[in-house]
Amino acid sequence: MTQRKYFGTDGVRGEVGGEVINAAFALRLGYAAGRVLARQHGGRGGSRPQVVIGKDTRISGYMLESALEAGLSAAGIDVLLAGPVPTPAVAYLTRALRLVAGIVISASHNPYQDNGIKFFSAQGMKLPDEVEAEIEAALHEPLGCVGSEALGRARRMQDSQGRYIEFCKSTFPNDLDLNGVKIVVDAAHGAAYNVAPHVFRELGADVHAIGVSPDGFNINEGVGALHPESLARAVRERGAHLGIALDGDADRLQMVDGDGRIYNGDELLYAIVRERMSRGTVAGVVGTLMTNYGFELEMQRLGVGFERAKVGDRYVMEQMQARGWLYGGESSGHLICLDCHTTGDGIIAALQVLTALRRGNVPLADWLGDLRMYPQKMINVPLAPGTDWKSHAGLAAATRAVEAELAGRGRVLIRASGTEPKLRLMVEAEEPALAASCAEKLAASLA
């Protein structure tokens, strides 16, 4: 397989105007992807293959959308332009409209200066590695154009948001509603700025929306799932029962209760799993290396299988598919319920939590019941480039000693940062003081 140069774990991403996130590269990428899709799907039923393009609210989305559209059309692919919609909406539209692929223009939780391009398969799932490799290889081919009679056409969808709103609502039980529930919805000035408030209002909730005034530059700025403290303030000020925070492309969720307490992805995943267990058996759940130790212990107590994947929703999904499990997620709020959707979806995940609370008729804190999140201590230690920390004898000895000290009362995670020259030393333990002292022992071994 060709080594991937441009595609990371979540498509192509970078700073606007940089090596890959620019108009010229987007044109080439659209043409390369179109060539691959035409080879795979061309000639079926005598019609041209179709793809859908959705985007978030960054100012650069217009430029990248136009360039991708031109490249795809030059390769003989018809293009549906969905406009600003959440990433999971593109996955849904791709599958529902029987398209050959979906394309998302978004850098998720990053600031507006960044953007990205990622693909969904015809099944509404992340594009397989081998197809991404084919597209990478096609990027090295000369930019061309099919004959005029075979050129693709583009048109704007008029009902993309409405279709997705109805799909989200369909994942909430028909015998329940949100009448009488006061909810603050924070859409991070991102892709869900219009659809998210509509979903919860149409189910009966009294909704106050914040983060719904995108200007091309304010996406994720002090609002959304990365800044749930803004939501917590709004919930307390409004006297709301709950708050729902999404990130820029609405595939990430954090929630807040009426007291302003913030709940992360581990706690929300537990809420969903517990509700599903009230209706039947849950075979297993996939978390990540960062999933709290308390979540793992609670899964063990409930007799539910638990596996840790590498950090990244792509890896969570791979583990879920390998084991045939339906539920998985990350502490950051990427939550996947394969009995509802083919990808992580912040709005749908929130609806599953609300299902649990309406069925149980209890506040979120009470629904979490016996779940005890373990205190965490993280220390970042500078790491010189090229350092082989895995072979460091002092760190290895300290790790063994700390793990013996914890002995079922916590865990140790040591990993190099993917973005900075640092080694991250993380300890979770029953008590904050124990977590701190163990982390400091690990750090001291590297001094």
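Using N, Cα and C of the backbone, Cβ positions are placed for all residues, glycine too.
Summary of the site annotation: Swiss-Prot records Mg(2+) binding at D247, D249, D251. Screening the candidates S108, S121, S391 against this entry identifies S108 as the one listed for that site. For S108 (active site, phosphoserine intermediate), the same-chain residues lying six or more positions away in sequence with a CB closer than 8 A to its CB are D10, T87, G116, D247, G248, D249, D251, R252. Secondary structure at D251 (Mg(2+) binding site), as computed by DSSP, is coil. In the three-state DSSP reading, S108 (active site, phosphoserine intermediate) counts as coil.
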